[in-house]
Amino acid sequence: MASAAVESFVTKQLDLLELERDAEVEERRSWQENISLKELQSRGVCLLKLQVSSQRTGLYGRLLVTFEPRRYGSAAALPSNSFTSGDIVGLYDAANEGSQLATGILTRVTQKSVTVAFDESHDFQLSLDRENSYRLLKLANDVTYRRLKKALIALKKYHSGPASSLIEVLFGRSAPSPASEIHPLTFFNTCLDTSQKEAVLFALSQKELAIIHGPPGTGKTTTVVEIILQAVKQGLKVLCCAPSNIAVDNLVERLALCKQRILRLGHPARLLESIQQHSLDAVLARSDSAQIVADIRKDIDQVFVKNKKTQDKREKSNFRNEIKLLRKELKEREEAAMLESLTSANVVLATNTGASADGPLKLLPESYFDVVVIDECAQALEASCWIPLLKARKCILAGDHKQLPPTTVSHKAALAGLSLSLMERLAEEYGARVVRTLTVQYRMHQAIMRWASDTMYLGQLTAHSSVARHLLRDLPGVAATEETGVPLLLVDTAGCGLFELEEEDEQSKGNPGEVRLVSLHIQALVDAGVPARDIAVVSPYNLQVDLLRQSLVHRHPELEIKSVDGFQGREKEAVILSFVRSNRKGEVGFLAEDRRINVAVTRARRHVAVICDSRTVNNHAFLKTLVEYFTQHGEVRTAFEYLDDIVPENYSHENSQGSSHAATKPQGPATSTRTGSQRQEGGQEAAAPARQGRKKPAGKSLASEAPSQPSLNGGSPEGVESQDGVDHFRAMIVEFMASKKMQLEFPPSLNSHDRLRVHQIAEEHGLRHDSSGEGKRRFITVSKRAPRPRAALGPPAGTGGPAPLQPVPPTPAQTEQPPREQRGPDQPDLRTLHLERLQRVRSAQGQPASKEQQASGQQKLPEKKKKKAKGHPATDLPTEEDFEALVSAAVKADNTCGFAKCTAGVTTLGQFCQLCSRRYCLSHHLPEIHGCGERARAHARQRISREGVLYAGSGTKNGSLDPAKRAQLQRRLDKKLSELSNQRTSRRKERGT
């Protein structure tokens, strides 16, 4: 009789599974009721307008039907979809939206067709006409839930059998038995490290339970394979399971290399092509009875065709009876062949649910297996683990409960305990008595590993010497650049206005700004020689994954873009993470799952780039540790370094001639804090020695962390960044403007934040500023702008032309110009040209010299020097009134985008802003982008107040009067009409008299 603990567990699990099932059914129902078929097809869960192309009989007499798009001319291809082999689908008639004809399993999916396997029970109900149109819709998996419930009920009723002692241990009714002695082993894999060898010995010596905890990259699968091989060597029969087909196939591939007799159970459609030779189908096809089975199938196909052709009811009945007899014989012969195949295999592999009693394993005795191995146990529902556990006296669980938990649809069921895996429950209950942890990882650079080790694995992990310092630049054909020379890169979007999409009807989240940053970083890696196939882009949100695919797949077909859940167990040389969340509320939502972030970061081998808004993610403690770690041990960049047209928060034209100055406004006092977009590059062990002096103290949050301010000679005094550093750069630039020098170079010792400051200050003063060089040799050159276009029309050197004057630093009034006077670096200042022209006219009127004398540059020079002495900011220009040059400059200004730094032409495509009377390109035509945001809002408020129209199409304000006021006006009108009528009556009487 089952214990109280078992009964309580089974009752609770059945209730939670019912919640989960109801949630999944409700989700599928909402798809069908609330979403159009076209929308379902665009989401990839439905295929419309299909026709039947072929039918045949498959394994176990199943009917295989191939569907393809209905052709209208040339051959058509299927639309983009998420259908994969093994999915359960419903077949519908296109003419009848609500009627489901049958359910089946996808066996093959290509770009032009899909093949569905239907059970034999559908054969006679299905009458598929090649001329009709059909559709396929993904369905919830009823089979899985039925098997889970069946296993729980079997656990509750379990009295005596091979798993009795194991059940007592797993539910805490008895302690694990003492370990047995193991003779010294000869390992099949001679490259195992100490922790792996210890785990193998421990697993083999335990009598009921052993847990192998394998953090990312520690060779967990290698260890599990060694355990299986050693068990087979001892003469044990092993049942090896995992929650997913991919995990099982991975074990099959590894065991096949060791020449073991293995058998893979499962639907043929769900197996990788590389291991199908080890599947039950393939083994049966190679058996002695294969030809007889093939002949019986052929007979079934022939009788089935005859049944379709005949119209006689008696003949149809005879054909059906014949098919039933043939299928019975087919089943008997297949079962005999299956039993022979099962008993000849040393290792049988299947998914947890594939090991159920209603599958091929029902042919074996109850105590056939000696040990059950469950890989990736931490990702499996505990109920699914009990399907194989009831078949053996000992179990070995392997996985990592610090990574993703089992996937569930019902949030309520997950919180109530459905997401608690068997491995996590037992590890917390028994601890080191049953757990062995692998400690040497063979995947990640030590800088990538250390964060995960410290935050998730108690600092137990160490990097193997072969991977401890490997970088992208060490790959063959990859150049050494800033991107390929760092293992950790943080691109901070804080303060850049790259907010997430706010779609009320979207459950998922997206961020187009981060998509652009990802694209630019990938291009930098590819340009450096990193193959796109070695790069992965990972995001926690499916909507962001879709946006990334739309933007990147056509340029980089080999690039892999997946969600975090879809990438667990995988690895790439470079991984780019898009965290998506960027909002003023500081909500992180889905990112709050610590284990999901652990999985995302630990997929990378040599380089991981995190793109996020530090101001948002720092609201979550765990994410804050990640940002702080990248800040201290990696390179930090702001999104401003990637995107030229970023619109920072609080953007305004009022205080500068460019966008950079407004972007640098901190949220707090300028002397003590700065925004997250202005982070300093952090030092790292694998970076250049110059960066080592810029490491920041540990334990401080990113928001309050103070970067070091390096001096121009390469020093890096510690302390909080103050206004003095900015003032130092500003003083240098002002001194340069007052000097006769035309160019000023800043040394390469500046970090990225200092370079950003220099760019901003140079832009404020209207100077040119360019960054040159790569890596440690990157420096900034600030230069004075070339003379105005009119200077080119003056006389050549040596002909008495005017000598060029040095630029004069602009006054505060000049730096605070209104928005309409914003201009790009190559656009002439029309206001200055106009003032110079007026000055020349006045000068000509006050000087009685001849026109020839006025045209002489040498006679004009003394007067200009005199005017300069009086403090007028005039610029030396030729004395001729070049009206054509003025017109040409005006035309050029009208044909160029008015946004600072933008030189795009607006002759063909451009938008005119009525607020500032300038033309802008399509990237900058919105008032909020080019600096007219406040004016646009004021204009909109005035229009709404005047017209009563909130937005286009909302209609106008009701113009009807208030009823009381209308009645009052009506009374006044009636009174006035009465008075006028009385006046006319009195006049008539007077005339009559």
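Heads up, the Cβ atoms here are built off N, Cα and C, so glycines get one too.
Marked as ATP binding site by Swiss-Prot: Gly214, Pro215, Pro216, Gly217, Thr218, Gly219, Lys220, Thr221, Gln403, Tyr442, Glu571. All protein chains included, Gly214 (ATP binding site) registers 27 other Cβ atoms within 10 Å of its own Cβ.
As annotated by Swiss-Prot, compositional bias 'Polar residues' applies to 653-662 (among others).
Residues or ranges marked as compositional bias 'Polar residues' by Swiss-Prot: 669-681 (among others).
Taken from Swiss-Prot, the feature compositional bias 'Polar residues' applies to 842-859 (among others).
The feature N-acetylalanine is assigned by Swiss-Prot to Ala2.
Residues annotated as region 'SS DNA-binding' in Swiss-Prot, with experimental evidence given as evidence: 638-785.
Summarising the annotation, Swiss-Prot assigns region 'Disordered' to 651-723 (among others).
For 782-828 (among others), the entry in Swiss-Prot reads region 'Disordered'.
Taken from Swiss-Prot, the feature region 'Disordered' covers 841-879 (among others).
Per Swiss-Prot, region 'Disordered' is recorded for 971-993 (among others).
Look at Swiss-Prot and you will find 891-940 tagged as zinc finger, backed by sequence analysis.
DSSP assigns Lys220 (ATP binding site) to a helix in the three-state reduction.
Mean model confidence for the region 'SS DNA-binding' (638-785) is a pLDDT of 58. Taking the Cβ of Pro216 (ATP binding site) as reference, residues of its chain lying under 8 Å away and at least six apart in sequence are, in sequence order, Asp400, Gln403, Gln441, Arg443, Met444, Ala452, Asn598, Val599, Thr602, Arg603. Most Cβ neighbours within 10 Å, among the binding-site residues Thr218, Gln403: Thr218 holds that distinction in the structure as shown. Cβ neighbours of Lys220 (ATP binding site) (same chain, under 8 Å, six or more residues apart in sequence): Ile212, Gly214, Asp375, Ala398, Gly399, Asp400, Leu438. Within the same chain, residues at least 6 positions away in sequence whose Cβ sits under 8 Å from that of Glu571 (ATP binding site) are Gly217, Arg443, Arg603, Ala604, Arg605.
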